[in-house]
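So that you can see what the record holds, here are the features copied from Swiss-Prot:
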type: BINDING; residues: 12, 13, 14, 39, 82, 83, 84, 85, 86, 177, 178, 179, 180; note: NADP(+) binding site
type: BINDING; residues: 88, 141, 142, 143, 144, 178, 179; note: substrate binding site
type: ACT_SITE; residues: 147; note: active site, proton acceptor
C-alpha cells in the first residue's frame with residue numbers, strides 16, 4: 001500500500017506543485033485548502049488529487065479534516081505544512097488582528113496540523129513532517145514582522161520536534177524558499193521584478209514551484225531517513241543561513 005501524504009495550502013502555487021510531485025512519486029495525496037472553492041475544484045479535476053477544505057488556524061477543524069482524509073485514504077504518513085498567509089504592514093501600523101491572523105495560520109497552524117497526527121506516526125514507527133518556512137523567517141523582512149516571526153517560529157518548532165520524533169522513525173525538516181515564480185510573485189510589476197528583486201538573487205532568476213516540490217519529495221522519502229531537524233534553503237543563493 002502506498003503511503004499517504006497531506007499537503008496544507010495544496011491547491012495552488014507551491015502547494016499544488018508539491019501535491020503533483022508527490023503523486024508522481026507514487027504517494028496517495030490529499031490537498032487541504034481554505035479559500036477559493038472554484039480554484040480548488042479546478043485543481044482537483046486537473047490533477048486527480050482530492051481536495052479538503054478547512055482552516056488550519058482552528059485545532060478542531062484540523063482534527064475533523066484529518067479524520068476525513070484518513071477515512072478516505074488511510075493514515076497520514078507524510079505531512080507538508082505549506083499553508084500560509086500575509087498581512088503586511090510596517091510595525092507601527094500593524095494591528096493586533098494582522099499579527100494574530102498570521103501567527104494563527106503560519107505558526108499555530110503547524111501545531112494544529114502536526115499534533116493530531118503525531119501519536120499515529122509514533123505508533124506506526126514512521127512519519128515525515130516537512131514545514132515550508134521562508135527566507136524571511138531566516139533573515140527577517142521589513143514590513144513583515146508578523147510573517148517573519150511566524151516563519152522563524154516554524155524553524156524552532158522543526159528543530160525541537162525533530163529531537164522528539166527521531167527515536168520513533170519520524171523526521172521533521174523545513175524548507176525555506178526565496179522568491180519563487182508563483183502567480184502572486186509574477187503579478188509584481190515586471191520593472192520591480194527585473195530591477196529590484198532578481199538582482200538580489202545570485203542565480204539571476206526566480207525559483208520555480210517544482211524546485212521546492214522536488215526538495216519535499218526527497219525529504220518525504222526513505223532515502224532521507226538520516227536527515228532530521230534540518231533546513232533546506234531554496235533561494236538561489238540570496239541568503240545563507
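Placed from the backbone N, Cα and C atoms, the Cβ positions cover glycine too.
Feature annotations (Swiss-Prot) mapped to structure.
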residue: 12; record: NADP(+) binding site; Cβ neighbours (10 Å): 21
residue: 86; record: NADP(+) binding site; Cβ neighbours (10 Å): 17
residue: 88; record: substrate binding site; Cβ neighbours (10 Å): 14
residue: 141; record: substrate binding site; Cβ neighbours (10 Å): 15
residue: 142; record: substrate binding site; Cβ neighbours (10 Å): 10
residue: 143; record: substrate binding site; Cβ neighbours (10 Å): 15
residue: 144; record: substrate binding site; Cβ neighbours (10 Å): 22
residue: 178; record: NADP(+) binding site; Cβ neighbours (10 Å): 23
residue: 179; record: substrate binding site; Cβ neighbours (10 Å): 19
residue: 180; record: NADP(+) binding site; Cβ neighbours (10 Å): 23
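For the recorded site, residue 180 (NADP(+) binding site), the DSSP three-state label reads strand. Nearest neighbour of residue 178 (NADP(+) binding site) by Cα distance, taken over the binding-site residues 141, 142, 143: 141. Other Cβ atoms within 10 Å of the Cβ of residue 82 (NADP(+) binding site) number 27 in total over all chains. Cα proximity to residue 144 (substrate binding site) (within 10 Å) is found for the following binding-site residues from 12, 82, 86, 180: 86. Every protein chain considered, the tally of other Cβ atoms within 10 Å of the Cβ of residue 84 (NADP(+) binding site) stands at 24. Cβ neighbour counts within 10 Å, taken over all protein chains shown, single out 14 as the most crowded of the recorded positions 14, 147. Within 10 Å of residue 86 (NADP(+) binding site), judged by CA to CA distance, lie the following recorded positions from the set 141, 142, 147: 147.
Among the residues the record lists as binding substrate, namely 88, 141, 142, 143, 144, 178, 179, the two farthest apart have Cα atoms separated by 17 Å.
Rounded to a whole number, the C-alpha distance linking residue 142 (substrate binding site) with residue 12 (NADP(+) binding site) is 26 angstrom.
Taking the C-alpha atom of the residue listed as 'active site, proton acceptor' as reference, the shortest distance to any of the binding-site residues 12, 14, 141, 179, 180 belongs to 141.
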